[in-house]
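K.L.:
In case it helps, Swiss-Prot gives these features for our protein:
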{"type": "BINDING", "residues": "79, 104, 131, 132, 133, 134, 135, 136, 137, 138, 139, 200", "note": "5-phospho-alpha-D-ribose 1-diphosphate binding site"}
{"type": "BINDING", "residues": "194, 199, 200, 201", "note": "uracil binding site"}
């Protein structure tokens, strides 16, 4: 059964405050998202398995621990998810990066895939899907669907800010997926924005609308 993890680390919460602030400019916003993604990656990789190897220090031989050959994949949901990728790769530079692009069908209002590019060894990798916002949950559910449809068996979802509605949607559709968030906000407004939220993450990351 999937779990929901809310990271209340002081550094994450401090930086998240400035990410939320409407007066934070594009450059600083981008840097802060990158930094928070790195801090969250530190926590999300806490359960990686370790194995012992023998090394030689300048003083003697020793047994030491290394990550046990886990293959990781980072999957940003386009476009805003791109802003979190480099922060994660700072800690796990060997991870492969895929991309999932979705748009909302104007008739059904449901997410539709327009681009999916994944590592060739999908079934062998542990995936982290990243998107700054988990609002209605539609994009997150669709992205997880896309990965599972192509053979992925181990998936985590990571975002900066989530609404209860989005968390519930992911839990209902994919109860096996753990959700990692920096803040769980109050609700969605009538326009589908998270309250208090941070606005449109993609617009603020890239300076475009």
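Including glycine, each Cβ sits where the backbone N, Cα and C put it.
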K.L.:
Under 8 Å Cβ-Cβ from residue 139 (5-phospho-alpha-D-ribose 1-diphosphate binding site), six or more apart in the same chain: what's there?
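P.N.:
Result: 77, 102, 111, 131.
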K.L.:
Closest to residue 194 (uracil binding site): which of the binding-site residues 79, 133, 135, 137, going by Cα position?
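P.N.:
For residue 194 (uracil binding site), the spatially nearest of the binding-site residues is 135.
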K.L.:
Using only C-alpha positions, which one of 79, 133, 135, 137 is spatially nearest residue 200 (uracil binding site)? These are the binding-site residues in the record.
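P.N.:
Of all the candidates listed, 133 is nearest in space.
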K.L.:
If I restrict to non-local contacts, at least six residues apart, and a C-beta distance under 8 angstroms, what lies near residue 201 (uracil binding site) in its own chain?
P.N.:
33, 80, 83, 132, 133, 160
K.L.:
Would you mind checking how many other C-beta atoms are within 10 angstroms of the C-beta on residue 137 (5-phospho-alpha-D-ribose 1-diphosphate binding site)?
P.N.:
26
K.L.:
How many Å separate the Cα atoms of residue 137 (5-phospho-alpha-D-ribose 1-diphosphate binding site) and residue 199 (uracil binding site)?
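P.N.:
With the alpha carbons as reference points, the distance is 16 Å.
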K.L.:
For the 5-phospho-alpha-D-ribose 1-diphosphate binding site, please report the maximum Cα-Cα distance among 79, 104, 131, 132, 133, 134, 135, 136, 137, 138, 139, 200 in Å.
P.N.:
17
K.L.:
With every protein chain in view, what's the tally of Cβ atoms within 10 Å of the Cβ of residue 79 (5-phospho-alpha-D-ribose 1-diphosphate binding site), excluding that atom itself?
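P.N.:
Total other Cβ atoms inside 10 Å, all chains included: 16.
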K.L.:
How many Å separate the Cα atoms of residue 199 (uracil binding site) and residue 135 (5-phospho-alpha-D-ribose 1-diphosphate binding site)?
P.N.:
11
K.L.:
What is the number of other Cβ atoms found within 10 Å of the Cβ of residue 135 (5-phospho-alpha-D-ribose 1-diphosphate binding site)?
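P.N.:
Taking every protein chain into account, the count is 24.
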